[in-house]
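Participant: Next up is a structure, given as structure tokens.
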Amino acid sequence: MKTGIIQQSLSGFYDVIADEKIYRTRARGNFRQRKIKPVVGDHVEFSAENQQEGYLLKILPRRNQLVRPPVANVDMAVVVTSAKEPAFSANLLDRQLIALEAQDVTPLIYFSKTDLLTDDEYQQLLPTIEGYRKIGYQVYAAREPFDSDQLANLMEGLKGNIVTMMGQTGAGKSTLLNHLAPQLKLATGEISQALQRGRHTTRKVSLLDVNGALIADTPGFSSYETFDMTVNDLPQLFPEMAKISADCKFRGCLHIKEPQCAVKEAVNNGIIMKSRYNDYLQFHELIANQKPNYKK
């Protein structure tokens, strides 16, 4: 019996990294019976007499699991955020950030397509960039999106971690990976003018060994509707709100209608970004109104 990490999932086969080799495996039937689905990033026990015919025996406990993209035991996520074509969406960025906060994954925000902005448009984006930095997020937003110093700094921070690339379809995840590791030659697709959505250029989930980091290149998406947290958990997923919520008059303050709320005061004083607070209110309403998801 061996232990390893699932490096790729494709059509019922799972490629496992172990002993600096890759073993192709299948899941035993009892996984299906117990409705357990192995995902990329899983630490597994498996048997294999050769590198082509192995079987997964056990999935070891997961530290976390992202639903979209489906990756387990993630340390960091590079949220590739388009500045233009498709247009920047703070709401989509915040949806992704709270999903990562809920799973205890460290987000890194990477603005792509900044070179498509006019100088005026770039200047207008800078306060937003600085706003996310002020919260504590690491933000990469050079005027040239693939600036060599910026890429080197990003790569240095990713080494030794399981990393997922996530972001809106067409945001440039594959393009960024191609700049980090040109030898990969990943497929990239031009934006569909009709839908303003990218053609999905990625059809499988893989962990790519890029200069010492295991990076998932995964299908893009056009929206992000996964809200697995409660309304009471939500304020803690906005770090800038969690930081000052102790100053609210009422414990468990949801920062909506409560009097003497430190968070609302911080929004009014420009300490907390208005766009973030508006997204918080929208997410709160969505979570409060969504139907319970009973897992079988």
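Backbone N, Cα and C atoms are what each Cβ position is placed from, and that goes for glycine too.
The following feature annotations were taken from Swiss-Prot:
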type	residues	note
DOMAIN	63-224	domain 'CP-type G'
BINDING	S112, K113, T114, D115, G167, Q168, T169, G170, A171, G172, K173, S174, T175	GTP binding site
BINDING	C248, C253, H255, C261	Zn(2+) binding site
Participant: Roughly how many angstrom lie between the C-alpha atoms of A171 (GTP binding site) and H255 (Zn(2+) binding site)?
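Facilitator: Between the alpha carbons of A171 (GTP binding site) and H255 (Zn(2+) binding site) there are 33 Å.
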Participant: Going by Cα-Cα distance, pick out whichever of the binding-site residues C248, C253, H255, C261 is nearest to G167 (GTP binding site).
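Facilitator: Comparing Cα positions, the candidate nearest G167 (GTP binding site) turns out to be H255.
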Participant: What does DSSP call S112 (GTP binding site) in the simple three-state scheme?
Facilitator: strand
Participant: Any idea what DSSP makes of K173 (GTP binding site), helix, strand or coil?
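Facilitator: Going by the DSSP assignment, K173 (GTP binding site) falls within a helical segment, counted as helix.
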Participant: Looking only at C-alpha atoms, tell me how far T175 (GTP binding site) is from H255 (Zn(2+) binding site), rounded to the nearest Å.
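Facilitator: That separation, Cα to Cα, works out to 40 Å.
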Participant: Most Cβ neighbours within 10 Å: which of the binding-site residues A171, C248, C253, C261 is it?
Facilitator: A171
Participant: Neighbours of the Zn(2+) site C248, C253, H255, C261: Cβ within 8 Å of the Cβ centroid, same chain, sequence order.
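Facilitator: Output for this site, in sequence order: P235, S245, K249, F250, L254, I256, E258, Q260, A262, V263, K264.
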